[in-house]
């Protein structure tokens with residue numbers, strides 16, 4: 001599991017006015033909650049978070065939150081509020097992580113070997129990814145940044161379901177998996193070719 005460190009400082013002033021001043025200074029108001037400790041208000045460097053939030057790992061990995069240069073606190077991102085039209089993160093929520101408590105996290109799917117699969121090499125075939133992430137349950141030490149889905153054997157007309165995915169050791173789906181809930185993940189089918197537009201009325205009639 002990769003180590004992703006985020007620097008933070010404790011926040012003394014709270015409220016809308018204080019948050020507005022922080023944003024003007026290039027900082028983001030944030031909070032840490034959960035576990036057996038009280039919530040802690042913190043502030044983050046906007047540039048660091050703006051760059052981090054462009055990566056998958058920021059949403060699905062355990063983050064090492066370094067507050068005031070002290071020991072890192074293990075957290076998960078639980079909410080990130082963006083400005084509706086400006087490139088601005090408004091607020092961030094982190095949840096504390098306990099090493100012996102299972103997590104429920106949405107983990108991205110990475111599809112490999114699609115281009116070299118029978119369906120990928122066939123002409124006139126459309127391959128659609130119905131899901132791009134799955135909700136999994138696991139201990140923090142077992143949390144993967146992503147799960148690979150091998151499409152090397154994908155054929156035209158085939159459907160890959162959740163039950164076909166191989167999950168890492170210690171990782172399982174958060175929801176029940178049965179016939180009714182075994183969702184399609186990848187579908188490979190022939191492209192639909194539309195007929196030419198019908199001839200206009202009277203076209204081709206003899207005069």
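Glycine is no exception: its Cβ is also placed from the backbone N, Cα and C atoms.
When Swiss-Prot is compared with the stretches 1-20, 21-40, the one noted as region 'Disordered' is 1-20. Taken through DSSP, the region 'Disordered' (1-20) splits into 5 helix, 7 strand, 8 coil.
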